[in-house]
Amino acid sequence: MLAMNHYNLSGPPGALDPLSNLSQWDTEMVEMESLAHQGNLTSDNPTSGGPIAAALSMTLGVISNIVALFILANAYSHQRRRSKATFLLFASSLVLTDFFGHIIPGALVLRLYLFGGVSPEAAAASSNGSTDPMCQFLGGSMVFFGLCPLFLGCAMAAERCLGVTQPLLHSSLVTSTRTKLSLSGIWLVALCVALLPCFQLGSYTYQHPNSWCFIKVLANDTQEADVAFVMLFSGLGLTSLGVALVCNTISGLTLVLARLRRRPSSCSSSHSHRSVAKSHDIEMVVQLVGIMVTSCICWSPLLIFGLMSVMRSYRGSIDKADMATYETLNLMGVRLASWNQILDPWVYILLRRAVLRKIYLITKRQADFKGSVLRRWEGNSFQSKSSENNPVNRI
């Protein structure tokens, strides 16, 4: 409006000509659109607020994982039950993996943020097959540290399901040596998947806004190997979440049914021993449910969006508008997935038996307090009514 008033009131006499005024208005609109376009490009720049947010997220993740590791190490050193010790070993490995998965890719992404990302030419070169060592390492790290927590959560859920439903079979099969071998196998499988692009089975490229690297999901030259790589990654992740969901559901239902069927035992010592064992099982299953819910919320969007993007890209059915939409969805997905490594430690910090017991006691105390106040209020009200109906009190 100020520009229009400037041209209409203070312009030269020739500006009152409709054609001249229209020409100047068009020129002004073109300049405004150019400035707006430059502003949008600037707002998409990864350096705008990126380093601060990345540094804060990295600091929060490091502190959370260190606190959870200290709690798990202390619990493992004082644990004598083999089933609980196995669970704590899995949990410690998960938190340790989350710790390094937060440090290594986070440091590389923070470096890219500080340097303003890579140039569009370098990003296009990596998309066309040019080898960028840093992009390859960052993409491989994200795949490795993304699959490991999903695999570990699935293994923990399966181990607890076996321990709850078949305790005798669990005690004979699950040992400390086999647990450590299982952990090594999980890390090895995730590493093999992450190294597939080194054998020309898929590729890693810079992703929008050229500040992180991941599997090639959006490109004009998407190959069958890229589709297979994304399907393998997403399929393994979604399968792990599905198996964990089934195992945790079975474990939870088994514990609920055992709670309902429990009868008072004549032997108090055996009854207390079973109660302690059940409380440990409930604590572990509650923590597994927390891990599963966190993983589903954080990882499902990236796994699903990546699969949708590579399928449409391979079919060639993505135009420019759809390309921008899928780039935004994948960026939101990876940001949400990065929170899994921050939230996982808080599952162990907040869902421990000691914390749950305190929450239960506080809730029970509040409920008892409200109940006593209500009973006192009702008693006083009944007493006042009875005194009003008594003719002696009225006199």
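Backbone N, Cα and C atoms are what each Cβ position is placed from, and that goes for glycine too.
Fair warning: this is a prediction, and the values are worked out from it, not measured in the lab.
Sequence annotations record features per position, and here TrEMBL assigns transmembrane segment to 52-73 (among others). For the transmembrane segment (52-73), same-chain residues at least 6 beyond its ends with a Cβ under 8 Å from one of its own Cβ atoms are 88, 91-92, 95-96, 98-99, 102-103, 106-107, 109-110, 113, 338, 341-342, 344-346, 348-349, 352.
The domain 'G-protein coupled receptors family 1 profile' annotation in TrEMBL covers 64-348.
The transmembrane segment feature in TrEMBL is assigned to 85-104 (among others).
For 137-158 (among others), the entry in TrEMBL reads transmembrane segment.
The transmembrane segment annotation in TrEMBL covers 186-207 (among others). Tertiary neighbourhood of the transmembrane segment (186-207): same-chain residues 97, 118, 122-123, 126-127, 129, 132, 135-136, 138-141, 143-144, 147-148, 151-152, 155, 213-216, 218-219, 225-226, 228-230, 232-233, 236, 327, 330-331, 334, selected by CB-CB distance under 8 Å and a gap of 6+ residues from either end.
Summarising the annotation, TrEMBL assigns transmembrane segment to 227-258 (among others). A Cβ distance under 8 Å defines the sequence-distant neighbours of the transmembrane segment (227-258), meaning residues of its chain 6+ beyond its ends; these are 143, 146-147, 150-151, 153-154, 156-158, 160-161, 164-165, 193, 196-197, 201-203, 215-217, 278, 281-282, 285, 288-289, 291-292, 295-296, 299-300, 303-304, 306-307, 310-311, 314.
Residues annotated as transmembrane segment in TrEMBL: 284-311 (among others).
Over the domain 'G-protein coupled receptors family 1 profile' (64-348), the average per-residue pLDDT in this prediction is 83.
Within its own chain, the transmembrane segment (137-158) has Cβ neighbours under 8 Å at 87, 90-91, 93-94, 97-98, 100-101, 104-105, 108-109, 182-183, 186-187, 189-191, 193-195, 197, 204-205, 212-215, 233, 236-237, 240-241, 243-244, 247-248, 251, 288, 291-292, 295, 299, 334, 337, 340-341, 344, counting only residues six or more beyond its boundaries.
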